[in-house]
Amino acid sequence: MDLLKKMHECHMNNSSGKQLNFAEETKGSPETDMAEAASTSPSSTNPSWFSPQRLLVIFCIINMINYVDRGAIASNGVNGSLGTCSESGTCTSGSGIQGDFNLDNFEDGVLSSAFMVGLLIASPIFASIAKRINPFRLIGVGLSVWTAAVIGCGFSFDFWSIAICRMFVGVGEASFISLAAPFIDDNAPIDQKTAWLAIFYMCIPTGYALGYIYGGLVGSHLNWRFAFFGEAILMIPFAFLGFIMKPLQLKGFAPRESSKAQTAIETVGIETQDVEVKNDDLSTKHEARGKHSNKSAQSGVSYSLEHFSDFLRDMRVLLSEKVYVVNVLGSVAYNFVLGAYSYWGPKAGYSIYNMRNADYIFGGITVVCGIFGTLAGGFVLDYMNSTIPNAFKLVSAATFAGAICCFTAFCFKNMYPFLVLFAIGELLVFATQGPVNFINLHCVKPSLRALSMAMATVSIHIFGDVPSSPLVGVLQDYVNNWRETALILTAILFPAAGIWFIGIFLRSVDRFNEDSESRLIETDGSNTTPLLEENPAETTDDAR
């Protein structure tokens, strides 16, 4: 018995020694390290240094700088005027861009909207490639292009040089406007999503107002070129931030590391089996690797076609979403009116009411009402409970009430009742900003949100504010009465309210928590989960 017992103990010691030796041999191997890294969940990695509040502040500053640029190029200090000569023969030199380059009014008008060419072309492209490249890095690329283009504006020497630079400003801005809102939507508290979007879009009127002031001060004290250089200096840190910080990951996209990690696990599993079963034929493994290499080569050849087909498929899905289409149609009619207001408003006010300082009065009303109206719309929807039907109810009611106030305002012959009613109308009309973008983000699957925002932006510009100004000019030439022109223009807000009212009765589903595909789309870059997403490991520990 003693002899059998000793033989059993010796066998157990040899077995444990082999297991220990195998563990020591494989502990430091690259394959094992890869497997350990692969087994780590993305959500258990250390979070980015961004807190949700920091992310919102940074995106708001970037958005404001974008619109400071738009306001600055339209300001008298930067835009300037042509030189003039009096009847007595006294001539004054021109100022700003128009004076230095001797631009006529048409060329000067082209500069103010040239950025839209790049914006409209690049927005769908950035939204589409966000499926292949980490969206946070794309924002860094876009802001770098924006910075370089703005510097080019400062060094421009004629109309075409500055016009081309303005187009690239739009290209740089395209990545940000397509991707910023989905990032904010991912990381905002559940009960404050619309309020956070409203804060972000509040920067549009604020940036415009600051741009007028900034351009006027720089143009009058230095030179218009320094206004562009100053904007570039402000944007450079944020462009670098997109590259040097650990990128965030948009909901609906899985980091490519996850697929690499899965491959690592499979490889380690195969090699472990080879160690345990030494007599297996290795030809099977070589055959599998050969197939993998052929598959990689084929995917490389068909990458472009696959990418384009993915874009067409996403567009088909987007356009089949009735809620999205109705929301964009309402936004087009809405922005048609606001675009014409911003361009023709001061001239109409001066003509109808003989309003002195019409620029400052209309500008002040727009900025104040834009800030408070946009914030109010976001907070009210959150208070109502942020759902798509509630958003449609809010935007249709606010637009209808705002249309009544603005239409009635232009019927008054006295300026003061006009200003009061017009301000109330603008306050109500601007309340739609947050809810409208909430619908764009939540009526589509997570992976389509960037494309949703991009195509909404393209649509409201192509069919809304871009053609509205010249069409209203044609209308005024025909009727030759600014009051009638303003009333006809304002009346378009009623169809906008009606279109959004239809959205209340459409079957709507909040798709924020839906997966975009049967599997998540892979993107490259080292990514983190949204800032507010809990760490499963930490949750388990807390539960214990």
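Glycine too: its Cβ is placed from the backbone N, Cα and C atoms.
Feature annotation from TrEMBL assigns region 'Disordered' to 18-47 (among others).
The feature domain 'Major facilitator superfamily (MFS) profile' is assigned by TrEMBL to 55-509.
TrEMBL lists 110-129 (among others) with the feature transmembrane segment.
The transmembrane segment annotation in TrEMBL covers 136-157 (among others). Tertiary neighbourhood of the transmembrane segment (136-157): same-chain residues 62, 66, 69, 126, 129-130, 164-169, 171-176, 179-180, 183, 225-229, 231-232, 235-236, 238-243, 245, 247-249, 525, 527, selected by CB-CB distance under 8 Å and a gap of 6+ residues from either end.
Residues or ranges marked as transmembrane segment in TrEMBL: 163-184 (among others).
The annotation transmembrane segment is assigned in TrEMBL to 196-214 (among others). Same-chain residues lying 6 or more positions outside the transmembrane segment (196-214) and placing a CB less than 8 Å from one of its CB atoms are 56, 59-60, 63-75, 180-181, 184-185, 188-189, 227, 230, 363, 366-367, 370-371, 374-379, 430, 433-434, 437-438, 441.
The annotation transmembrane segment is assigned in TrEMBL to 226-245 (among others).
Annotation source TrEMBL lists transmembrane segment at 323-344 (among others).
Annotation comment: TrEMBL describes 360-384 (among others) as transmembrane segment.
Residues of the same chain lying 6 or more positions beyond the ends of the transmembrane segment (391-410) and with a Cβ under 8 Å from any Cβ of it are 194, 327, 330, 334, 352, 377, 380-381, 384, 417-422, 424-429, 431-432, 435-436, 438-439, 483, 486-487, 490-491, 493-494, 496-498, 500-501, 503-504. Taken from TrEMBL, the feature transmembrane segment covers 391-410 (among others).
Annotated transmembrane segment per TrEMBL: 416-436 (among others), in sequence order.
Annotated transmembrane segment per TrEMBL: 448-466 (among others), in sequence order. Sequence-distant contacts of the transmembrane segment (448-466) (same chain, at least 6 residues past either end, Cβ-Cβ under 8 Å): 113, 116, 119-120, 123-124, 126-128, 130, 135, 174, 177-179, 181-182, 185, 250, 252, 314-315, 317-318, 324, 327-328, 331-336, 338-340, 342, 437, 440-441, 516.
Residues 322-323, 326-327, 329-331, 333-334, 336-337, 340-341, 348, 352, 388-389, 392-393, 395-397, 399-400, 402-403, 406-407, 410-411, 429, 439, 472, 475, 479 of the same chain lie 6 or more positions beyond the ends of the transmembrane segment (486-506) yet place their CB under 8 Å from a CB of it. The transmembrane segment annotation in TrEMBL covers 486-506 (among others).
Taken from TrEMBL, the feature region 'Disordered' covers 520-544 (among others).
Residues or ranges marked as compositional bias 'Acidic residues' in TrEMBL: 535-544.
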